[in-house]
Amino acid sequence: MLREDGPPPAPASPGAPATGGTPSAPAAPTPSPTGPAAPSAPAPPAPGTVAPAWLGKRPLPETADGFGEIQATPRVLRNRRFTLPDTLPMLPGDGFASHVVSPAPADVIARSTWVEGCPVSASDLAWVQLAFRGFDGARHTGELLVNADVAQDMVKVFRQLWRAKFPLEEMRVTRRDELDAAPTGDGNNTSAFVCRPSVGSTHFSQHAYGLAVDVNQFQNPYTKGDLVLPELASAYIDRTNVRPGMILTGGPVIRAFASVGWEWGGYWNSLKDRHHFSLNNR
Ligand SMILES: [Zn+2]
């Protein structure tokens, strides 16, 4: 396993899940889509293309606010473009594809954060499978759990991201154990429904209604004062250092969501939620 630099490993935490997916098996080295042609002799993978073994497994010291301690971005995450193992069977075809199941199947709800008391009923959520491009440029299949009212709009959005060749690291339904786990500050899941309050609030987030989507959280961190989320993503606060997966003003992601009337949290003034899109701009 590659030993990457960065903070020393935290003590083993058997209860902590890998919030960043299951990166224990590095994908075969793949040339970057923008890089030179593969040489005939195997070259070591470029820094940032292979997920480190510790991804999602090192809980950060917790602050009084319940967040993790903000730490410098480990080098391997500073130009992050991992390809994680697929978690769903591939949708048929070789171009963009989608499959909407509404209401969402019970087994999908069961592995989500939905519980009695969430502000949307399980029968009002739809399961949307979507083809997306990974950072390897290849076709992958992901999933969103969203409010059934916006399922077709999300298909439109992700069709545009596919056409724009915008890369995503992973797109899967957020689990309850991830919500309860100590923060590791290195998650990067693209996700919609999460039954939780807004950051720093007691009110339900738009995610709890299935009416918000976070895209590539790590490349597009939330910042408010000194707070950075994910906590290890400070290297991405500099938006002039453009790297793959970043959401840029004038770029395809904001345009795609705007085409169905969704707004971007990166335009907010009191804080910047650069990975967040929502229907009501909250
Ligand atoms: Zn969000």
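Each Cβ is built from the backbone N, Cα and C atoms, and glycine gets one as well.
No curator has checked TrEMBL annotations; they are predicted automatically.
Remember, predicted model here, so these are calculated numbers, not experimental data.
Feature annotations, reproduced from TrEMBL:
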- 1-71: region 'Disordered' (REGION)
- 15-25: compositional bias 'Low complexity' (COMPBIAS)
- 26-47: compositional bias 'Pro residues' (COMPBIAS)
- 200-278: domain 'Peptidase M15C' (DOMAIN)
Self-check item: Model confidence over the domain 'Peptidase M15C' (200-278), averaged pLDDT
Solution: 97
Exercise. Take the domain 'Peptidase M15C' (200-278) and count its residues per DSSP category (helix H/G/I, strand E/B, coil), listing them in that order.
Key: 17 helix, 17 strand, 45 coil
